[in-house]
Amino acid sequence: MLEKETINFEKTIIVGIVTQNQSEEKLKEYLDELEFLTFTAGGEVVKRFSQKMERPNPKTFLGTGKIEEINLYVLENGISTIVFDDELTPSQQKNISKIIDCKILDRTHLILDIFAQRAETSYARTQVELAQCIYLLPRLSGMWTHLERQKGGIGMRGPGETEIETDRRIVRDRIALLKEKIKIIDKQQATQRGNRGAMVRVALVGYTNVGKSTLMNAVGKSDVFVENKLFATLDTTVRKVVIKNLPFLLSDTVGFIRKLPTQLVDSFKSTLDEVREADLLLHVVDISHQDFEDHIDAVNKILLDIKSADKPTIMVFNKIDAYKHLTIDADDLMTERTSKHYTLQEWKNTWMNKVGEQNALFISATNKENFEEFRKKVYETVREIHITRFPYNKFLYPDYEDAIDKEEEQDQD
């Protein structure tokens, strides 16, 4: 599980619903993630609210009684922000704001806000601003009037903060301008990718906060920002990496997440092009997270959406040093054994059977456990792709064993 440091941030409550399609257990998983998203954005979750419903209320998302209960809690406890786990319609957000006098955000808005904080380059900031404008355009009529007296804080950051006004025409013009700006930069990025020469391209993909940047640093000996927060990496980092005299390009891409806003998928076209144009994907998984299989499914869904699901892929199960599983007492005859009771070896057997023994690696990027095995597998796969793609390349690569012998001789000297 993700560990949080104690900081006095905005007092926030988070809200979700249990439906026929979303069990209480699944809601808890989503709210755990939403709480960490809130922490990453600068909020401290002090209370959770949930309600069982067949479907969301089209007017206020929750039932009238639950809305009143939340409103009373907000008034009595000085809550500044409410975050709903599902995306609210513009009318739902407007109706809730009429009843509860605080910032009303949803999961999409929160993720956009985090991206706004994390954007370092001009290009990333432009992408985020476009996503924010597209999201906020249908919500302008009620949202900004209600929030104008609540300056700053969660949900109010980013490049688009000062530009967004209640005039829809101005925002539409801004969207058109940003799209044109991104189109120009995309062409430049495509040209740059085309000029990288005859080298195999490898992309690190995976759920957010699974250790991709740590792995990037360990493999590429580069200095990529690493932090135990969601979306610590936003701008794509590309490094030339050499393993055993074999050079290739390694890119560390933005982490995926469940319920990833479509606005971000559309806006971050060039970032995702690093994945689309890769010859090999290293799908990094935090096996110590209790929901890691759901995370794999979420990543695979996005890879399918961007037409990259059929690329050669190595599953890299990271953080094996932190893996823990549930146990059942010997005299407990009632508890049913599930995948949450699997040992690490059982997971190894499961995934090696599922994707092939050579395509499932179990490592710890932090303490370098099984790291040489990982480097060897990457080397062998990249070398095979290189020989296939560039059969007439004059640069000859030694066999792996020869390279090891040569490296050992150099070390002895």
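Cβ atoms here come from the backbone N, Cα and C positions, even for glycine.
Listed in Swiss-Prot:
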type	residues	note
DOMAIN	200-386	domain 'Hflx-type G'
BINDING	206-213, 231-235, 252-255, 318-321, 364-366	GTP binding site
BINDING	Ser213, Thr233	Mg(2+) binding site
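Reduced to three states, the DSSP call for Gly206 (GTP binding site) is strand.
Distance noted between the C-alpha atoms of Ser213 (Mg(2+) binding site) and Val254 (GTP binding site) is 10 Å. Averaged across the domain 'Hflx-type G' (200-386), pLDDT in this predicted model comes to 84.
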